[in-house]
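Take a look at the structure set out below.
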Amino acid sequence: MRHLLDFQGWTRPEVESLLDTARVMREVLERPVKKVPALQGFTVATVFFEPSTRTRISFELAARRMSADVVSFAAQTSSLQKGESYKDTLLTLEAMGVDAYVIRADSAGVPHQATRWVKGAVINGGDGRRAHPTQALLDAYTLLEALGTLEGKKVAIVGDILHSRVARSNAELLPLLGAQVFCAGPPSLLPQSLPGAHLTPRLEEALEEADAVMVLRLQKERMEAGLVHLEDYIARYQVTEKRLALAKPQAPLLHPGPMNRDVELEGTLADSARSLVNRQVQNGVAVRMAVLYHLLVGKGR
């Protein structure tokens, strides 16, 4: 594994190896001193051409927990505002000796292009609606913690599937671990196809006997005006206590964030014991530590 762009071509043993490393990193994070020298001497750049809170901070913490130097690039205060291209921005960082790049962009394919521009490892931190592999990895890790295994498990993903890179990456990854993925949303927010997932406009079909439920927000910033009416969406697709009763008892709830309470998910459920949202955030640091380790000094080298 030289880069992490998506899960095309990945095998189950490769995924399991990375998640095993994440478990070791989780143990590190539970120590009184949450730091190891594994990446001492390496430099990691978080290059975010699109705004982010969770992913950027999570990666920066992950790198620092392993003693790497971190460079945080913010598009709003960079030479991009003066017309500099993505390529020239990355080549500038390359000249400064960066070893790994975590790249987020509003356009699909930018991390793939970056692998041709720089010598360092490239990690896709989310590109357009195409992929968000580390989010899917932390989702899988969290589900395995809760369920023990994903073999034969039904995972329902509900919400704005059309614009969701999280749904696409989970549809690639979770079946590798044996899960069945059902994606539900309004017809206008479903793609024509999604490899690895069964698509349905019927919320009940996705939730029925689900072992776990992942809820996605409406990505209004990527929508055309009038694509969905909020009141109608809430009435038909909000995950409520009553609708969740269709899933298996105590089926865990996940959400990649940011969450719009009482829109895609009933607020009381977000705070319930079934909600693993905060656990996802905690696990995200360990998973991203594992990714950086594999790419820079571990089995990826």
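Yeah, the Cβs are placed from backbone N, Cα and C, and that goes for glycine too.
Taken from Swiss-Prot, the feature carbamoyl phosphate binding site covers Arg54, Thr55, Arg104, His132, Gln135, Gly257, Pro258. Just so you know, the Cβ of Gly257 (carbamoyl phosphate binding site) picks up 15 other Cβ atoms within 10 Å once every protein chain is counted.
Look at Arg217 (L-aspartate binding site): DSSP puts it in coil. Annotation comment: Swiss-Prot describes Lys82, Arg165, Arg217 as L-aspartate binding site, evidence class sequence analysis.
Fewest Cβ neighbours within 10 Å among the binding-site residues Arg54, Arg104, His132, Arg217: that distinction goes to Arg54.
Among the residues Arg54, Thr55, Arg104, His132, Gln135, Gly257, Pro258 said to bind carbamoyl phosphate, no two Cα atoms are farther apart than 16 Å. Between the CA atoms of Gly257 (carbamoyl phosphate binding site) and Arg165 (L-aspartate binding site) there is a gap of 12 Å. There are 8 other Cβ atoms within 10 Å of the Cβ belonging to Pro258 (carbamoyl phosphate binding site). Taken residue by residue with DSSP, Arg104 (carbamoyl phosphate binding site) is part of a strand. Packing around Arg165 (L-aspartate binding site) is summarised by its Cβ count: 23 other Cβ atoms lie within 10 angstroms of its Cβ, all protein chains included.
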